[in-house]
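*Asks:* Submitted below is the structure of interest, expressed as structure tokens.
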Amino acid sequence: MATRQTKALARAMMAPSIIVLFVWMIVPLVLTLWFSFQRYNLNYPERSGFVWFRNYYFFLTDPAFLQAIGNTLILVVGVLVITVVGGILLALLLDQPIWGQGIVRLLVIAPFFVMPTVSALVWKNMMMHPQYGIFAWISKTLGLPTVAWLTDYPLASVIIITAWEWLPFAALILLTALQSLDEDQKEASEMDGANFVNRFIYIILPHLARAITVVILIETIFLLSVFAEIYVTTQGGPGYSSTNLPFLVYVQALLNYDVGGASAGGMVAVVLANIVAIFLIRIVGRNLDA
Amino acid sequence: MGSIQLQHVNKSFGTHAVIPDASLEIKDGEFVVFVGPSGCGKSTLLRLIAGLEDTTSGQILLDGQDMTAAAPAKRQLAMVFQSYALYPHMTVAQNIGFPLKMAGMDKAAIDAKVKEAAGVLNLTSYLDRRPRNLSGGQRQRVAIGRAIVREPKAFLFDEPLSNLDAALRVNMRLEISELHHQLKTTMVYVTHDQVEAMTMADRIVVLNAGNIEQFGTPMELYRTPANRFVAGFIGSPKMNFVDGAEAAKHGAFAIGVRPEHMAVNKDSGLWRGTVGVAEHLGSDTFLHVNVDGLGLMTVRAEGEKQLHHGDVVWLTPDPSRIYRFDKDGQALAAA
Ligand SMILES: Nc1ncnc2c1ncn2[C@@H]1O[C@H](COP(=O)(O)OP(=O)(O)OP(=O)(O)O)[C@@H](O)[C@H]1O
Ligand SMILES: [Mg+2]
């Protein structure tokens, strides 16, 4: 993108896809916006018409709303922390020359190919089940009281399941970044007297900064809209203790048949997602240019 | 202090012995150059000294102490890589100061040392830049700066100039030589460019397929090459070799004559030939002469000499400058 000509050319070439993407996004958005100002409940089709901000008022003052926002943030941040830290450790491990490297790598990546509903089911029935789960078996073998994960720690359980799904993604991206680190640089730092910890802090981590940024950005987009894991395991409960924003919108729309309210919730979710996105791009996106 | 001794060092990758058996003694303060064709094991030998590769057998002594098993950092050697290996996310100052920071030196002392090194290397105005905003020559100087701040026992250079253009290469060559005179620290320098080797070295190690063919001063290698490989490798353009009956006349399996040790005459001489390509460099002219019965030979003539493609010339080697080799390529004593 050095000259004005290449810039103009680039714009012209990108225009079609950008226009399609824009239309693709704007039509549903405008429709949702329209519905969010309507009284529109499938249970009461006769009551309709403009209600302006009434739907928003009800959604935002619903005590579940604040809790859902809190849960959404805890979920996103929790999974990000686990996957980024765990991903770095896994990547460092996978980068070591070990026997059967190919198979180990394949195994590590496998969870990413399991669809969310299936992995949530597996976790619910095979790992966390208070009677038949492996966790219960482990604690029983050790003589400890069994934990009913999904009822006692619902949000933590959802975080664990989601993190398990996203860990391979993070590890994979970070591993490729790790492998692109110049061998000479590692050797130079070794000659400069850096031990493993210093090498990690001063050479490896800065080198991974960009990859970590990518992981955080991509994961955040998907983690803000986690749904299947909650639907299959806790149904947002007990109470609203594991309900995030998308699940709350679902409850509004499909359990309460309140299309207007759900649309208002959807709009709130969009606004919040954008706020998060702006912050993210400000904070971590700086790593991407250069 | 920085003497380096290799005693019967062997390095094998799997079953492939890259360095079969190398013994070498580098004195404190010497500038030693490793030369040899690509893939002959120069880098491997240097990395063995640095500790970046483990020896398969044999000892490496630094200042008389056995350092064969010591970690690179423990050896107090500094290395300049062909790729420079600068840390891209650090500024020039941070790059140069990194080894000091790792040594636990305090910030003020690091700053002072970095400034001093930057002064020596003309980098003072670039201290806040990142490596990617520097030219190749400047990057090279940063890499050298990072090496000199540590005040190592010896510097190891692995083809440091091969990524630079010709003019810059000549410049940096002088700068590194100058640096050696200032610091008087042992330097081991790897290159495949024999001009670099001849101009910079106190002593040269000629390597071929992992074997040390000869170790001596540039003039020793030029005047008394130990074997045919060294004779052909040192000197530019290459020495001309003749074998068969012509060599037998001198009681050898093969004889060698350097291009600069032959006289060119249009009328008479020992060997008759036809001029092929003539390279006019101004000061010299290199003639590639197709000698009847002996093949292609390179001859140096004065720059002004007007000889062209197809001219018939006579070549006469200087009898006192004919090198004789036996069947195994070993040099025979002068006749
Ligand atoms: N890690 C390794 N595993 C196996 N073989 C290796 C390894 N490193 C080097 N070699 C082999 O050792 C030989 C010498 O390599 P080395 O890099 O020392 O050559 P060099 O003289 O530095 O060549 P160049 O001038 O091209 O840099 C080569 O044949 C190379 O293939
Ligand atoms: Mg090399």
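Note that Cβ sites are derived from N, Cα and C of the backbone, with glycine treated the same way.
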*Asks:* Examine the ranges A:106-123, A:196-213 and name the one recorded by TrEMBL as transmembrane segment.
*Replies:* A:106-123
*Asks:* Can we call the transmembrane segment (A:155-178) and the transmembrane segment (A:12-37) in contact, meaning three or more C-beta pairs below 8 angstroms at a sequence separation of 6+?
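*Replies:* When sequence-distant Cβ pairs are counted, the transmembrane segment (A:12-37) does not touch the transmembrane segment (A:155-178), since fewer than 3 lie under 8 Å.
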*Asks:* Which stretch, A:68-94, A:106-123, A:264-284, tops the Cβ pairs under 8 Å count with the transmembrane segment (A:12-37)?
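*Replies:* Between the candidates A:68-94, A:106-123, A:264-284, the best contact partner of the transmembrane segment (A:12-37) is A:264-284.
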